[in-house]
Amino acid sequence: MTKGDALHLAFGVFGNATGLFLFLSPAITFKRIVNKRSTEQFSGIPYVMTLLNCLLSCWYGLPFVSPNNLLVSTINGTGAAIESVYVLIFLIFAPKKEKGKMLGLLSLVLAVFATVVFVSLFALHGNGRKLFCGIAATVFSIIMYGSPLTIIRLVIKTKSVEFMPFFLSLFVFLCGTSWFVFGLLGKDPFVAIPNGFGSGLGAVQLILYAIYRDNKGQNKKATADESLEMEKTNSKLHQEKPSNSLQSQDEQV
């Protein structure tokens, strides 16, 4: 094994480790969802898109599709199983309207994966199969990494990181960086390109977290304080009304 091969393997193993942490990091979020029996303002889109990415990347890494990428298949196969659990939990506790959207998106995801598998098995061979599966995996990997953009928008709008878990952002960055280097060393653009995008997006999330981390939950507190102040004001007005009324009667007399 050459030095380059050893380095390639090392980044693949590190990518598997960070990838596993990435897939497990939302466990804290889903514990909260189960305890509150509500998905609150959390978005289920990233988990469905991550499931599709895992399925396609796992398929792409199989030896008969793309040689020397078995490490890609192992972590993404594991990720597909974990993401399936998250999607199921989200569907159980999501509001009716959100549940309908999620089911529609999940159906589309499974249809896309089935189409890729069918076409690659029965219509393509050799480099053509690798190219087709690689493009599909790249496109949906970029979509997966881009799915938290809705949460980033929420963070910027509310100036709060309450609904953007830190560890998810951290491991998006670490995992994306690991597989980006792995793809560069292996001269595989279908691994390097989407993960380079993911690495950059993860960095953006970490920067936002650093900026707004002290505002976590602050908006809720401000809203509660405003409500309390309104209640006090209303109470004061109600107390003053009888007094004013009596004063008016005395003046009339």
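From the backbone N, Cα and C atoms, a Cβ is placed for every residue, glycine too.
What TrEMBL says about a protein is an automatic prediction, not a curated fact.
Copied from TrEMBL, the annotated features are:
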type: TRANSMEM; residues: 6-30; note: transmembrane segment
type: TRANSMEM; residues: 42-62; note: transmembrane segment
type: TRANSMEM; residues: 74-93; note: transmembrane segment
type: TRANSMEM; residues: 105-125; note: transmembrane segment
type: TRANSMEM; residues: 131-156; note: transmembrane segment
type: TRANSMEM; residues: 163-185; note: transmembrane segment
type: TRANSMEM; residues: 191-212; note: transmembrane segment
type: COMPBIAS; residues: 230-241; note: compositional bias 'Basic and acidic residues'
type: REGION; residues: 230-253; note: region 'Disordered'
type: COMPBIAS; residues: 242-253; note: compositional bias 'Polar residues'
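The transmembrane segment (42-62) and the transmembrane segment (105-125) are in contact, since at least 3 Cβ pairs between them lie under 8 Å (pairs 6 or more apart in sequence). The stretch in closest packing with the transmembrane segment (163-185), judged by the count of Cβ pairs under 8 Å and taken from 6-30, 74-93, 105-125, 131-156, is 6-30. Only residues 6 or more beyond the boundaries of the transmembrane segment (6-30), in the same chain, are considered here, and those with a CB under 8 A from a CB of the stretch are 42, 47, 50, 71-72, 74-76, 78-79, 82-83, 86, 89-90, 165, 167-168, 170-172, 174-175, 178-179, 181-182, 185-186.
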